[in-house]
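Colleague: For reference, the structure I am asking about is given below.
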Amino acid sequence: MSESPSEPRAKRQRVDKNGRFAAMERLRQLKGTKNKCKVEDQVDDVYDVVDEREYAKRAQEKYGDDWIEEDGTGYAEDLRDFFEDEDEYSDGEEDRKDSKKKKGVAPNSKKRPRENEKPVTGKASIKNLFSNAVPKKMDVKTSVKDDDILADILGEIKEEPAATSEKAEKVIAPAKISVTSRKFDAAAAKEYMNSFLNNIKVQEQERKKAEASSDNEMLERILKPKAAVPNTKVAFFSSPTIKKEPMPEKTPAKKATEDPFSDNEMDFSCLDDDENQFDVEKTQQTEKVSQTKTAAEKTSQSKVAEKSAPKKETTGSPKESESEDISRLLNNWESICQMDDDFEKSVLTTEQDSTISSDQQLRFWYWEAYEDPVKMPGEVFLFGRTADGKSVCLRVQNINRVLYLLPRQFLLDPISKEPTKQKVTVADIYKEFDSEVANQLKLEFFRSRKVTKSFAHHAIGIEVPQSCDYLEVHYDGKKPLPNLSADKKYNSIAHIFGATTNALERFLLDRKIKGPCWLQVTGFKVSPTPMSWCNTEVTLTEPKNVELVQDKGKPAPPPPLTLLSLNVRTSMNPKTSRNEICMISMLTHNRFHIDRPAPQPAFNRHMCALTRPAVVSWPLDLNFEMAKYKSTTVHKHDSERALLSWFLAQYQKIDADLIVTFDSMDCQLNVITDQIVALKIPQWSRMGRLRLSQSFGKRLLEHFVGRMVCDVKRSAEECIRARSYDLQTLCKQVLKLKESERMEVNADDLLEMYEKGESITKLISLTMQDNSYLLRLMCELNIMPLALQITNICGNTMTRTLQGGRSERNEFLLLHAFHEKNYIVPDKKPVSKRSGAGDTDATLSGADATMQTKKKAAYAGGLVLEPMRGLYEKYVLLMDFNSLYPSIIQEYNICFTTVQQPVDADELPTLPDSKTEPGILPLQLKRLVESRKEVKKLMAAPDLSPELQMQYHIRQMALKLTANSMYGCLGFAHSRFFAQHLAALVTHKGREILTNTQQLVQKMNYDVVYGDTDSLMINTNITDYDQVYKIGHNIKQSVNKLYKQLELDIDGVFGCLLLLKKKKYAAIKLSKDSKGNLRREQEHKGLDIVRRDWSQLAVMVGKAVLDEVLSEKPLEEKLDAVHAQLEKIKTQIAEGVVPLPLFVITKQLTRTPQEYANSASLPHVQVALRMNRERNRRYKKGDMVDYVICLDGTTNAAMQRAYHLDELKTSEDKKLQLDTNYYLGHQIHPVVTRMVEVLEGTDASRIAECLGMDPTKFRQNAQRTQRENTEQSEGESLLKTTLQLYRLCEPFRFQCVTCKTEQLMASAYRPGPSNSHIAVLQQCAKSECQTAPIQYLASVRNQLQLSMRQYVQRFYKNWLVCDHPDCNFNTRTHSLRKKSHRPLCQKCRSGSLLRQYTERDLYNQLCYLRFMFDLGKQTLQQKPTLTPELEQAYQLLYETVDQQLQSSSYVIISLSKLFARSLAQMSLQPSVAQPQIEAIPSALADVV
């Protein structure tokens, strides 16, 4: 068989003598001996006796539907079976050629004739397929039962399927899947981590149970149904065996009795490619094309009897901790099928009576809206459902463009375009628009009127009054826009507003439609030619005929929607390098109520369709395995084209309102749309609800027009915080699943699972299981109810809310608010002026909002106080302001309408007066806050039903999210309501409030150890929980009485706090339960152990160290335990006890691997490129790449020795080995060192010693770091000895002009004979030389000057060295990237760069030179007497050095910085006139 379905299959050859004919020969030889064939059950008719016409008809049915296109047109039946063709099994080359000539090709067939080919070998040979099967061990005795071929024949004769099943199980042994080893690795890693962290021995029985677990047991536990009570009302459908999609015979059966999801209406096999056909499994076909009514009844009765029979207990019983939802999904399909009767009736009901009269009123629930401003301008499509479940498409036409023409103050001269003295009137504007703009746009008619509007925003290049008269113009929305270029100047029109507003926005604002709601439509027409796939489609020419339904009393709930969850499996085609679909699972619910708690399970119909990857063939035991598979309805197709055609047919019947998927751009919806378009599947637009002919290209969501798309991954990124947002992590964090309850299937595992039929059924179950997890995640996170509430609050569309467009939500909220207040809204920014990032990628936090064109923040963000680093074992009180920025906006009435933009962008605007009317922005926030308070009051009501409780909770969450994100639109540069001056004013008041609160707390004699934007950490110095809360209440009352809207509250109490630096801390958070007992819970922020780009080994060790540091032991015992843990992990790594998965490092690709410019220093990029190239992986932007650092026999850097874990496992001759030194020095050591660096009693060198590393490197780096930190700190102690101060300085060297001997000068004197001392300038160091240095004093002075210049030049060369012990890279250049406030090393990318020669070093060196010539500071007990000439010489050299020192500003000490903390405390006291001292002269800096 060929490797690719696109190549013709080679002819079969009779080369296997031990095959079918050899078996028949053995059967003949056994005839007449004692080994007789005994058939237990007498069979009347083994073969049917028919005439030649009937035989030809049956043979045609058998072969025609399998591989002949167009139902066999052009072919003639030769009345032979395939095994009668001797030429097909001929050994000779000539026989093969003759057989090809005999077969021929029909003239009308589309099949191309086969070319002469050489005998296929290797994987392409059919031998390879059979050789993969596990051979059966032969017995010594020969009997009929032992003959496989005879057993197959008898199995076909017998009617009992059990005998065939038993025999097939003996022939085809189940193969173990490769994912088992990975599961064992994960289990071992999990067990090791638990034992390391908890130090608790696992029970022997549980450990044996974990070791005995396998994929088969897990899937049996998942798939085998529990014993259920029989239910006679269960509706049963077609058998979940493989369906070959035959053409049905025309029967007079009624349409209403057909299964809406049956595949008998269309033959998708005709869409299969010829090369993709596979004929072997046809000999084992289990279903006939047509069945009689009696046979169907018998089948139904047998199924009922089978379902009603009590289930036998299975050995693989599920765990007690398994959730009920999972058991309903995969263990109890009978209860799910119970809902299918209603499902079928509802679907058929919606298809009937879909016509509607134009005289009637149409009332429907609007879900989604769509417009195409290019192809259909001025039109909007609304999609929804009626109360009886019919899908509706409303086409609204004639939505006019609305322009607001701002008049100039004076008319412009038509020629010079300079202002004249003539004032502009509304008539002037009308005339210019009629004569110039209307003619240019070719307007046949337009309407205009004079209106008074307000404008409160900033327009670039023009000055717009806050309120004035405008000319409002309405014209056909299909006409183009007026000329808005900057070069175009109108004589009377200063600016045209509203030109960029699209039809959908105008329609929603004019009709006051805020999200999904009930709409009532009158005056419509039924479309004669439908443009949609909905049950009901009407066209409306008057937009005003769309009205909101005003119900008296409680509003009517929304109708149930139809939900469809999709999960797609893909494989890479190595020839085309494209992802091809090989499996699609579908879960659907046709009555999913969004305003009620989600049903359990969240679907009432399920099915799965599959085809084979291009590089594999169907396994021989597939039909047998699928006959036993009862977990879902499976549809098998022989090509991707047939699969997608079937999918579109089912998709259209379901007519879903909501599509649920996970990471739609990752081989899910994108692959479906790409392959449907690429394969040219007819009517591809059925993916959406509009009948379209042209694809949208890369605009994925527009293929699903009219249907909401819920991407669970994207919604989870907005709803929760997680280490990663892949499906495995979300299932573990949200659904509380265990590692054994989900299996990840990668590309390699997928191909291996297609080798056996049993593995394919497992793959189907895993695909269905993942699909059910998507629905559970959507329901657990309340994605749809929350999106509905947010959309109703903001007034945008559901699709944009589900896509995470936070900026657009706020934009529509303000659009509705300003429109209701008769304001002109700002124009949309052109797309060309925006960055490529969408709303979901934009930072909307406000404090971090930056212009991408600028290198620094456009305005100052939130205030972050300098932390007092250390370990706090007394209780620390955490307090924060509730919704600080929204409260500031309300407190100071900050709005577009109340605050004027300053002329200078760097200046802060002035706050409005207290008598100013509240602005629109504060009013909207007040409405949101008060609404949330009212909802929370309703939640506190007793006897509240679960449905109302859920609705109130989701409502208050939506109000909170909307209010907290309102500030974001002010600071987001690409927002339509961007107002930098307002955002800067809000953050300025936030910094001011935090500073005032800090000072107030300090006045109460409490230390604020840290503060960040809206929170404070206060050290109480006590360990009484209740007393700490009393202190918090006192602080709260003192602060809150200063403000009206701002509210400071207690956020928690830390029993122990490890404060490392800004935004990095760990703490034990205390809380009391209902019984008054204290509960301890760890809280981490910014630490390495919460980041995913560290290995699990480093994270595990870091957590163990953190547990010890935050424990209640004394500090010495903590450090001893930490050191013991490190020595233990060092030993276990050396012994190979640590499981391999713990060494895996995970990093995310921020772009496509090919787009990285310098991938050599990025290990995850190297691994992604290599795996994509060599192992057919599909790593792309946003994916997480796992790798390990190995020793590969090269001298490359560690970052260039990264390999995937699979590469390490499959390495030949153990060429790859783990680099344990890398993990000790680059993973464990830095993580632990950063945690304990603030503790006294340990340091980096001690940690290195515990890990078996060289501690000297870390001591040197610690000294360098200490020197730099000492240099940067202004308060270094000056009480040092001369030896301590100048121990690293170099002595002064000069050369004698006579003997050329180098003179070494460490002080003014050098030792002489008999313990005496001699002045250095008095005598040459060489005793034979008679020339004293004082005689060439000028030369000595010049050499001193040159020496000082060398030291200065050395400093300005700015040589840097990496502080990482394994790097020590020297360089003079550095990047702007910082690490710990120092430049990042570009070589290792893990260390920071330190100066080799710092300002402190230079200053000490110069001071040392000056000290040499200062005779008064020499500490000799008996100083020699010097002549006046020598004293003057020393004084001259002293002044030379001192003059150099005076030119340096390093000698100036800033007392304001030195005593900053003391001055801050003094500022809190009543001000007293004090002398201001800024600096002191250099003389004080020289005190020793």
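These residue numbers are counts, starting from 1, taken along the chain as shown.
From the backbone N, Cα and C atoms, a Cβ is placed for every residue, glycine too.
Fair warning: this is a prediction, and the values are worked out from it, not measured in the lab.
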Colleague: By the record in Swiss-Prot, which of Ser269, Ser759, Ser845, Ser1071 is the one labelled phosphoserine?
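Modeller: Among Ser269, Ser759, Ser845, Ser1071, the one Swiss-Prot marks as phosphoserine is Ser269.
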Colleague: Of Ser262, Ser302, Ser357, Ser1277, which one does Swiss-Prot label phosphoserine?
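Modeller: Out of Ser262, Ser302, Ser357, Ser1277, Swiss-Prot attaches the phosphoserine annotation to Ser262.
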Colleague: So which range, 675-734, 855-914, 915-974, gets flagged region 'DNA-binding' in Swiss-Prot?
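Modeller: Checking Swiss-Prot against the ranges 675-734, 855-914, 915-974, the region 'DNA-binding' one is 675-734.
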Colleague: Of Thr314, Thr349, Thr633, Thr1265, which one does Swiss-Prot label phosphothreonine?
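Modeller: Checking Swiss-Prot against Thr314, Thr349, Thr633, Thr1265, the phosphothreonine entry points to Thr314.
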Colleague: Quick test of your reading of Swiss-Prot: among 552-578, 1362-1388, where does it put motif 'CysB motif'?
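Modeller: Comparing 552-578, 1362-1388 with Swiss-Prot, motif 'CysB motif' matches 1362-1388.
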Colleague: Once near-sequence residues are set aside, which residues in the chain of Cys1299 (Zn(2+) 1 binding site), 6 or more away, have Cβ atoms under 8 Å from its Cβ?
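Modeller: Listed in sequence order, they are Cys1324, Lys1326, Glu1328, Cys1329, Thr1331.
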Colleague: Beyond the listed site residues Cys1296, Cys1299, Cys1324, Cys1329, identify every same-chain residue whose Cβ lies within 8 Å of the center of their Cβ atoms for the Zn(2+) 1 site.
Modeller: Thr1298, Lys1300, Thr1301, Gln1303, Ala1325, Lys1326, Glu1328, Gln1330, Thr1331
Colleague: Hey, does DSSP put Cys1299 (Zn(2+) 1 binding site) in a helix, a strand, or just coil?
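Modeller: The three-state answer is coil.
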Colleague: Give me the non-local Cβ neighbours of Cys1296 (Zn(2+) 1 binding site): same chain, 6+ apart in sequence, Cβ-Cβ under 8 Å, ordered along the sequence.
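Modeller: Sequence-distant Cβ neighbours: Glu1302, Gln1303, Cys1324, Ala1325, Lys1326, Cys1329, Thr1331, Pro1333, Tyr1336.
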Colleague: Around Cys1324 (Zn(2+) 1 binding site), how many other C-beta atoms are within 10 angstroms of its C-beta?
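Modeller: Taking all protein chains shown, Cys1324 (Zn(2+) 1 binding site) has 20 Cβ neighbours within 10 Å.
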Colleague: With every protein chain in view, what's the tally of Cβ atoms within 10 Å of the Cβ of Cys1329 (Zn(2+) 1 binding site), excluding that atom itself?
Modeller: 15
Colleague: Tell me, roughly as an integer, the mean pLDDT over the region 'DNA-binding' (675-734).
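Modeller: Summing pLDDT over the region 'DNA-binding' (675-734) and dividing by its length gives 86.
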